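Annotated active site, proton acceptor per Swiss-Prot: Asp246, in sequence order. Feature annotation from Swiss-Prot assigns ATP binding site to Gly84, Gly86, Arg87, Lys107, Asp119, Gly120, Arg170, Arg177, Asp256. Residues or ranges marked as Mg(2+) binding site by Swiss-Prot on the basis of sequence analysis: Asn247, Asp256.
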Amino acid sequence: MTLSFVTRWRDELPGTYTALSPTPLNNARLIWHNTELANTLSIPSSLFKNDAGVWGGETLLPGMSPLAQVYSGHQFGVWAGQLGDGRGILLGEQRLADGTTMDWHLKGAGLTPYSRMGDGRAVLRSTIRESLASEAMHYLGIPTTRALSIVTSDSPVYRETVEPGAMLMRVAPSHLRFGHFEHFYYRREPEKVRQLADFAIRHYWSHLEDDEDKYRLWFSDVVARTASLIAQWQTVGFAHGVMNTDNMSLLGLTLDYGPFGFLDDYEPGFICNHSDHQGRYSFDNQPAVALWNLQRLAQTLSPFVAVDALNEALDSYQQVLLTHYGQRMRQKLGFMTEQKEDNALLNELFSLMARERSDYTRTFRMLSLTEQYSAASPLRDEFIDRAAFDDWFARYRVRLQQDEVTDSERQQLMQSVNPALVLRNWLAQRAIEAAEKGDMTELHRLHEALRNPFSDRDDDYVSRPPDWGKRLEVSCSS
């Protein structure tokens with residue numbers, strides 16, 4: 001089957017990119033590809049028989065027209081000026097059978113005009129982390145970019161140490177970022193900002209294209225998508241680590257996996273990025289940062305969208321966030337209805353977990369085994385303050401009884417939203433260390449496990465992290 005590629009970005013948004021081709025690595029070789037995603041995209045298996053080929057930037061497929069996009073952004077709350085695709089190249093936009101498109105973005109593809117002081121490369125460590133994280137999030141049901149392939153090489157790349165250069169093929173419906181809009185707003189080119197908005201509406205919000213109020217309705221949906229995404233991050237214990245405006249997806253996708261982390265111990269102020277000295281991107285600050293980023297996006301639209309309309313959309317953020325978060329957390333607790341005491345029960349559980357540094361994922365998974373008329377719980381042994389747990393658990397079981405559903409019905413719901421497996425940093429690190437020694441077994445094994453996060457397991461994938469696993473530090477180079 002011949003794949004079809006279109007060139008919408010190149011044709012419709014002149015002045016927003018530089019056309020250039022990838023720079024291949026030395027002795028590139030394919031070490032992993034996403035069979036399930038490839039099937040979804042109707043990619044012939046024969047394409048993966050070439051060790052590098054398009055996956056290593058050595059060849060292009062017919063219809064591809066590679067380019068690097070320019071954008072700007074606020075980093076850690078400070079205007080950083082021009083950024084752009086410093087090590088990634090958009091190879092092409094695949095046209096799927098249903099008429100939608102999928103970007104093929106090659107990360108680690110070499111120097112671009114936007115590389116600044118960088119080398120344009122990615123390392124094996126970071127490409128493995130992103131591939132694992134994006135697929136883990138996808139199977140958790142959270143909107144995200146996807147990983148299609150990883151290529152490693154003999155090219156040395158200099159970070160904290162010398163590491164093997166690698167490339168990741170990332171796919172997504174769009175790589176439109178808040179930073180694209182900021183770039184042209186701060187260059188005082190409001191017509192370019194409007195062109196970006198029109199492009200987004202035409203291709204991703206086409207039902208609004210003929211509406212006279214299209215910009216307000218579109219921005220309101222961007223706000224809602226962002227609020228929903230952040231709510232989902234918070235419920236699974238995901239910390240992004242570097243929520244700069246250039247890392248914010250217009251479509252509400254999780255984008256740019258760097259120093260991310262899933263909670264081990266429940267620590268509301270968890271900081272996963274060791275470069276985040278002030279804790280701006282701590283776990284509990286993510287909802288506020290997302291709103292701040294939306295405010296920066298709204299500012300770029302102010303030349304052609306009424307400020308009152310923008311503020312009205314921004315004002316809806318908190319309610320959308322709380323609605324999505326509340327619905328998901330009630331499911332995690334097994335509540336079939338909404339009752340006035342629900343928030344108090346959840347907050348008391350969080351307080352208990354924070355005091356005892358309870359494992360976030362394991363706590364909710366074990367809570368899924370609760371029988372409403374039994375005081376026995378395997379979760380009790382996870383707490384030192386048994387009296388405090390017993391008091392909370394007794395009131396929790398009374399609350400469960402109000403819903404008048406069977407234990408099996410409720411347990412089935414809870415186990416469908418409380419994962420047994422999340423991508424803990426130590427699991428990724430173990431796969432990385434093996435891969436750097438040439439053994440890809442654990443990389444493939446972990447990828448396969450992450451496809452079924454809600455299934456019970458009896459291996460160390462669902463155990464508490466070892467002591468060394470809790471001390472892992474990750475930075476933006478991750």
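Placed from the backbone N, Cα and C atoms, the Cβ positions cover glycine too.
Swiss-Prot feature annotations superimposed on the structure.
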| residue | record | Cβ within 10 Å |
| --- | --- | --- |
| Gly84 | ATP binding site | 23 |
| Arg87 | ATP binding site | 21 |
| Asp119 | ATP binding site | 15 |
| Arg170 | ATP binding site | 25 |
| Asp246 | active site, proton acceptor | 23 |
| Asn247 | Mg(2+) binding site | 21 |
| Asp256 | ATP binding site | 23 |
Quick check for the class: what is the C-alpha distance, in angstrom and rounded, between Gly84 (ATP binding site) and Asp246 (active site, proton acceptor)?
8
Fill in the CA-CA distance, Asp256 (ATP binding site) to the residue listed as 'active site, proton acceptor', as an integer in Å.
9
Can you tell me the CA-to-CA distance separating Arg170 (ATP binding site) and Asn247 (Mg(2+) binding site), as a whole number of Å?
14
Cα of Asp246 (active site, proton acceptor) to Cα of Asp119 (ATP binding site): how many Å, rounded?
19
Which secondary structure state does DSSP assign to Asp246 (active site, proton acceptor), in the simple three-class scheme?
helix
Hey, how far is Asn247 (Mg(2+) binding site) from Arg87 (ATP binding site), Cα to Cα, in Å?
14
